[in-house]
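For reference, TrEMBL has these:
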type	residues	note
TRANSMEM	34-53	transmembrane segment
TRANSMEM	59-80	transmembrane segment
TRANSMEM	92-115	transmembrane segment
TRANSMEM	121-140	transmembrane segment
TRANSMEM	152-173	transmembrane segment
TRANSMEM	188-205	transmembrane segment
TRANSMEM	226-244	transmembrane segment
TRANSMEM	256-275	transmembrane segment
TRANSMEM	282-302	transmembrane segment
Amino acid sequence: MEKILEFLGQIGPYLLFIPIGAWVDKKGWIKKDWITSPLIYILMPILVINHILEAEASTIIILPVMSFSLAAMMNLPALLANKTFAKDKNPYLVSSSFAFFNVAFFGIPTVLALYGQGGVTTLITIYVGTALYGDVIGYYQVSKTKNGTKDSLLKIIKVPFLYAFGLAVVLKIFEVELPGEAEPVTDVFSYIVSAAGMLIIGMNISDLKIKGLDWAYLWKFMGLRSLSAIFIMGIIMTVEYLWLDEIDSESREIMALIPLFPVAANVTVFASFLGSEEEESALLILLSMAISLVLIPIVIQFF
């Protein structure tokens, strides 16, 4: 019980930014781009570079492969959903909602609450795998439906994360270290990203109308997604333990939390782009976050 109260107490202040984001967006006081652009082009790339340099060389390979595998394999339950209860839904949105986990904006405040700044290094390394899937494969699948193959590929190569990760790997190979003075700054960036990420989630759901939504579909969706993610991650972690056994216990704990994370906020961006199921996508994010806040306190009791 003490762990639960500590977790909720530390993540609670960040969650307050969700209703603030919804309120600010309704008032029209702040444009979403004012928040997303600094996050995407400055803060997240800096965090990626900093934490990749801090991470152990072996985990830079293993953890991203594990998280990428989870995202890719989540297409299997998504395919099952498309063939059963989600036949009339956009298949690209269904697969994105299954495969995209909010590792950055929800994950960072969660890990900060449970493990402190040390856990953020592990999380960012895990984030690399999910971001590679989401920003490359996931984005391409959705974009090509309207932009075509060539334009979609051109947009992918403009993603800042790819260059930040590439630079971080090069610096790691040459054993470059950031000056000690940079650490307090990047620590502050972690808190800023956490708060700003929650603001964005709130802004994405500001126009949500709950009345008239297909709640039976939403609960089936979340049930299949949650159980599938836990099962798939269980297989991935078992394979790593039996064949490699290279990651430490804290990394395993953080990796075990990933299937419990909510649907990533960029699913609503894809829904707007496709002009399809925008309200359902926004509610999926909110519902999945509520489920996360129930499941994570239960799971951490076993750590």
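Even glycines carry a Cβ here, placed using N, Cα and C.
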Segment-segment contact (the transmembrane segment (34-53); the transmembrane segment (226-244)) at 3 or more Cβ pairs under 8 Å: no
Of 92-115, 121-140, 152-173, 256-275, 282-302, whichever stretch has the most CB pairs under 8 A to the transmembrane segment (188-205): 92-115
Result, the transmembrane segment (256-275) in contact with the transmembrane segment (226-244) (3+ CB pairs under 8 Å): yes
CB contact flag for the transmembrane segment (282-302) and the transmembrane segment (152-173), at least three pairs under 8 A: no
When counting Cβ pairs under 8 Å to the transmembrane segment (121-140), the leader among 59-80, 92-115, 256-275: 59-80
